[in-house]
Amino acid sequence: MTEQKAIVTDAPKGGVKYTTIDMPEPEHYDAKLSPVYIGICGTDRGEVAGALSFTYNPEGENFLVLGHEALLRVDDARDNGYIKKGDLVVPLVRRPGKCINCRIGRQDNCSIGDPDKHEAGITGLHGFMRDVIYDDIEYLVKVEDPELGRIAVLTEPLKNVMKAFEVFDVVSKRSIFFGDDSTLIGKRMVIIGSGSEAFLYSFAGVDRGFDVTMVNRHDETENKLKIMDEFGVKFANYLKDMPEKIDLLVDTSGDPTTTFKFLRKVNNNGVVILFGTNGKAPGYPVDGEDIDYIVERNITIAGSVDAAKIHYVQALQSLSNWNRRHPDAMKSIITYEAKPSETNIFFQKPHGEIKTVIKWQ
């Protein structure tokens, strides 16, 4: 048994504590790792609040180590041609089960769901907020760009964006989505929310040629507006200014009332990507006119969750590109750096938060 410090919850009940745990060293592993930075997102906070009923502890355990947005350092590794001691790596969150999608490396599209697949720090598999991690090389993605530094901790949330655009590429082919110049230039993309995930969606949308607007029901901070401006992203307080004629709508809020409010602004042949989840959000009474609007305009609504290993690789490539073009803006995405003992950050967001990370070492 290895005694180590960890941040744990009791899923799905919730709660959080920074404590000492005993974790057995596995008989077989490829790499021994330690966390450098761990990101905190709405999923972590939802778990701590007891708001995510789908979460659960590993079998036979009465706790779950939190943390899925991880940047790890290799402390030791078996002989291989990919990673070595001292390298920085990003671990895959979702681990495969036995379905056909899982068997081909697409556990993000698991055909069975729980308990076939597991997600580190979320469903049945301990996360990365602990001193020591043992893992297999196939579940690690090497950070090739030494200039990224702590920005590489954004790989995990960004891989969700890469996957969502893969979904968009597939479903948008049901009609001619591109403009008459064969590009997406001038097509309108609206992102509901202004947290870190929304920022990453907006940057990726700009890369693809979209005219991108992030929206929320309040005005935004100067820091957020400055970052948006540098990337060419607009912002709208939708209580004052509701965007119209939307081609691609992405929801990061998980709030059905807000989503349906914007859905009625989507163009013919438009696409809606649902990404945010919020099990405690109030219901929305969908009526016949809502259904008519979707059907008569050939609107496609698609949920998108998690990602495959290829999307982690794509995310790291995008982070490197953005960091070269907008180094100051990318540094500004991480707005607060906490210590492991600061568990209050799971209950209260620091003022002006875009992304809060825990510096583990």
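Cβ atoms here come from the backbone N, Cα and C positions, even for glycine.
If you check Swiss-Prot, you get these features:
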type: BINDING; residues: Cys41, His68, Glu69, Glu156; note: Zn(2+) binding site
type: BINDING; residues: Thr43, Glu119, Glu156, Asn160, Asp306; note: substrate binding site
type: BINDING; residues: Asn216, Arg217, His218, Phe275, Gly276, Thr277, Ser304, Val305, Asp306, Lys349; note: NADP(+) binding site
Measuring CB to CB from His68 (Zn(2+) binding site), give everything in the same chain under 8 Å that is also at least six residues away in sequence. Thr43, Asp44, Val93, Glu119, Ala120, Gly121, Ile122, Gly127, Phe128, Glu156
Using only C-alpha positions, which one of Cys41, Glu69, Asn160, Asp306 is spatially nearest His218 (NADP(+) binding site)? These are the binding-site residues in the record. Cys41
Per-residue Cβ crowding (10 Å cut-off), top of binding-site residues Thr43, Asn160, Asn216: Asn160
Spatial separation of Ser304 (NADP(+) binding site) from Asn160 (substrate binding site) - C-alpha basis, Å: 8
Looking only at C-alpha atoms, tell me how far Glu69 (Zn(2+) binding site) is from Asp306 (substrate binding site), rounded to the nearest Å. 12
Tertiary neighbours of Gly276 (NADP(+) binding site) (same chain, Cβ under 8 Å, six or more apart): Gly42, Ile192, Gly193, Glu197, Asp251, Thr252, Ser253, Gly254, Asp255
May I ask you to report the DSSP-based helix, strand or coil state of Glu156 (Zn(2+) binding site)? helix
Cys41 (Zn(2+) binding site) versus binding-site residues Asn216, Ser304, Asp306 - nearest by Cα: Asp306
Same chain, not part of Thr43, Glu119, Glu156, Asn160, Asp306: whose C-beta falls within 8 angstroms of the C-beta centre of the substrate site? Give them in sequence order. His68, Glu69, Val93, Arg94, Ile122, Pro157, Lys159, Val305, Ala307
CB within-chain contacts under 8 A for Ser304 (NADP(+) binding site), separation at least 6: Asn160, Lys163, Ala164, Val167, Ile273, Leu274, Phe275
Candidate with the highest Cβ count within 10 Å, taken from the binding-site residues Glu119, Glu156, Asp306: Glu156
Alpha-carbon spacing, Asp306 (substrate binding site) to Asn216 (NADP(+) binding site), which is rounded to whole Å: 24
